[in-house]
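S.K.: The structure is given below, and queries will be raised subsequently.
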C-alpha cells in the first residue's frame, strides 16, 4: 500500500465529473411570482400581472431622476422627467405591454364641409378606465338601489354624453355581474350598478399592470387619474397630428402625464394662435394649425443642435427669463422619459408625434406611449372608447413574426 503524505489527507479528492456552470445573473431571467391575470367581461383577453422584477423596480425606482420644470414660455407648465423609469426597466415594461395588451386600429367617419370622410387611425390604440361619475368595485361589494333612483340618475348623466348611436345594444353590453371575479361598474355616489344604457361602449377597468404604474405616477404629479390611454407606434410611419387635450369633459386646466417606452421619438409642441387659445373642447382630435412662426428648440443634452437651446429650470419660475414670443418646442423622448402637461398648457398649446420616414434605429423598433388623465363626465368615457377601441378587430403582438397582427376570436389566447 502506497504511503500518503500528511497533506494529502486534507486535500479534496479530484472529481472526475464536469462541474456545472453557475448561472449568469445578467442573462438568467428572474424567477417570477406574478399572480393570477386580470379578467373582465369587457376584456377580449386575460391581462397578466407585471413580472415581479418590473413591479419592484417601479415601486422602489421611480422617479429615476427628479423632473425639470419648464415654464419659460407663455402659458406653458411642464414637468420633464429624463427619465422617470430607468432605461432597462422601461425597455422591459415596453416589451411586456406590447406583448400582453389588446390593441385596435380604429376607423371612424368625420364630416368636413358636408363631405363624410373615413379616417384610419395612424397608430394602434387601447384604453382603460371610466369617468368620475362611476367606478369599478368588487362584485361582493355591490349594494342595491331602487329602480326609480337608478332611472333618475341616468337621466341626469345622459345630458352630458354624446348623442351618437351606440354600436352596443343592451343585450350585447357586457354585464360584469355575470362573472363573480369581475369588478362591477357602479354609480360613484349610490354604488348602485350602472345600467347598460348609460354608456355607448362598455368601460373597462384599468388592469393591475397599468394601475400599479398609475399609482406611481400619481405620487409624483399629485394628480388623480381615472383613464389610461395606450398608443403603440409600430414604426416611424405611425404618428399623431397636432392636437390639444382640451376637451370640456377633462375639466379646467387638466393634468396629463405622458410616458414614453421603447424607441425614441420627437415630441413637438407649438403655441396656438390667440383665436384658438380661448376655444377649448371644440375638436375631436388631431389637426395642424398655422399662423405662428416657430423656431425648433432642443431640450436634450444627448444631442448637439444648431437651434436655439431652451433653458430648463429646476427652481422658481422667475429664475429663467421668459421668452417674449412663444417658440416651437422639440422634445426627444427616450424609453422611460415622461412629460407632465398641466395648468394652462392644454388650453394654449398643441402637441404631436410626427412621422420619421426613412430613418432607422429606434423609430423602427416601435414605441409605446401611455397617458394618464381624468375625465369628469360620461362624454369623456364615450369619446375615449369610440376613438381608441371602436368596433373593429383586436390586434396583438406576435413574437414569432415580430410584428403586431390582427387576430380572430379563436386566436386571441394563442397568438404566440
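Each residue's number is its place along the chain shown, starting with 1.
Placed from the backbone N, Cα and C atoms, the Cβ positions cover glycine too.
Below are the features I grabbed from TrEMBL:
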- 1-42: region 'Disordered' (REGION)
- 144-175: region 'Disordered' (REGION)
- 224-376: domain 'Fe2OG dioxygenase' (DOMAIN)
- 231, 233, 243, 351, 367, 371, 373: 2-oxoglutarate binding site (BINDING)
- 246: substrate binding site (BINDING)
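Let's see these features in context: how buried, what's close, how far.
M.R.: Note on the domain 'Fe2OG dioxygenase' (224-376): its mean pLDDT in the predicted model is 74.
Sequence-distant neighbours of residue 373 (2-oxoglutarate binding site) (same chain, six or more apart, CB under 8 Å from its CB) are 225, 227, 229, 245, 250, 254, 255, 256, 257, listed in sequence order.
Look at residue 246 (substrate binding site): DSSP puts it in coil.
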S.K.: How big is the Cα-to-Cα gap, in Å, between residue 231 (2-oxoglutarate binding site) and residue 246 (substrate binding site)?
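M.R.: The separation of the Cα atoms works out to 18 Å.
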S.K.: Pick from 243, 351, 367: which of these binding-site residues has the biggest number of other Cβ atoms within 10 Å of its Cβ?
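M.R.: Per the Cβ count, the most surrounded site is 367.
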S.K.: Of 233, 351, 367, 371, which is closest to residue 246 (substrate binding site) if I measure between C-alpha atoms? They're all binding-site residues.
M.R.: 351
S.K.: Near the Cβ of residue 231 (2-oxoglutarate binding site), how many other Cβ atoms are there if near means within 10 Å?
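M.R.: If we count other Cβ atoms within 10 Å of residue 231 (2-oxoglutarate binding site), we arrive at 21.
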